[in-house]
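J.: My structure is below; once you've seen it, I'll send some questions.
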Amino acid sequence: MEGRLSEIRVLREKHSISYMTRKKYNYFLIATLLVLLIFVSLLSIFWGQFNVTLNELLRNLVSPKGEVGALLWDIRIPRLFTSILVGASLSLAGVLLQSTLRNPMASPITLGISHGAMFGAAFAILFLPLKLPFVVTFSAFVGSLLTAVFILFLSYIKRLSAEAIVLSGIAINMLLTSATMFLKYLSNEIQLSEIVYWSFGDVNRGNWDTIILQFLFFVPIFLFVLLKRWDFNAFYLGEEVSKSLGINVEIVRLLGLTLASLLTAFSVSAVGIIPFLGLISPHLARLISGNEHGQLIFTSSLVGAVLLVLSDILSRVVLSPTVVPVSIVTSFLGVPIFLYLLIKLEGRRY
């Protein structure tokens, strides 16, 4: 009996040590990603067609003056905050979609939400008065939401399975792409150029108004997901286990899809389509931090922010003085990373 109690004490001590080690690793990982984000953020401010020195940055942070002050507060800093918030939002949306649908291919792109924004923007350019402020952005937002509502309808009303929802999203994606191509065919040269320009994701479209709205969207959703992390953790174990724990699977899935749709709709309507970010960031985060959502949402948001800020830097310096749309850079970065993850994670239970 004494030997059995001793064995139990040893196991408890090992579990306690393992838990504390994991907790320290999680803190270290988040701190490392924050330092990396600060580093690439400073590079984003310093580098560009016109480089800014540290002294110029410090002088113009409080009292901006002249061309450098205008460059920092009208272009570089808004561009940086837009990259951070959009990158974090799309990554968090990817986590929610992949977790609630239990499908590693689920993302804002594959479910058609991003292309709903593209169709809405193209529709506004052709048929709505562009003199009205934010008409294209608002139409893109509505297009994303309508696409999301249709997916939610299929999910909740028609009781489709997670696999069927993903396949439906792919079909909707193809339909919206075809509809946008038809609108391009109907457009004149000026309208066509505007549609093509909008189809390229560009964080330079962000301004202080969209940054504030994006922040007000992201923070409450992030905190809410953090509070509901145990429900999303249960999804990883399967629907049957979730139901046995008293979790309403349909409601949690509907909640995850709704929150992901809101994050995607505002992000894409503000800056355009950013491919691969919502797909690869959650996978990279799972690779380094595991599947516990209390840690995963922090890690994934930081990874997405770092990737988009880094992509924006590359878009400005690779072919300087030409600025390449950031969506092109995320595609070039995303494809090899995604292929690596496919090989690395092959056979892993999702």
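The count begins at 1 with the first shown residue.
Cβ coordinates come from backbone N, Cα and C, glycine included.
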J.: Would you mind telling me which of 80-97, 296-313 TrEMBL tags as transmembrane segment?
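T.: Result: 80-97 is the stretch TrEMBL calls transmembrane segment.
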J.: Given a Cβ distance threshold of under 8 angstroms, which distant residues of the chain, six or more beyond its ends, lie next to the transmembrane segment (164-183)?
T.: 101, 103, 105-106, 109-113, 115-116, 118-119, 122-123, 126, 147, 150-151, 154-155, 195, 199, 257
J.: At a C-beta cut-off of under 8 Å, are there same-chain residues at least 6 beyond the transmembrane segment (211-230) that contact it? List them, or none.
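T.: Same-chain contacts beyond the ends: 78, 81-82, 85-86, 88-89, 92, 96, 252, 255, 259, 262-263, 266-267, 270, 292-294, 297, 301.
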J.: How about the transmembrane segment (109-128) with the transmembrane segment (251-276) - do they touch, taking at least 3 C-beta pairs under 8 Å (6 or more apart in sequence) as contact?
T.: yes
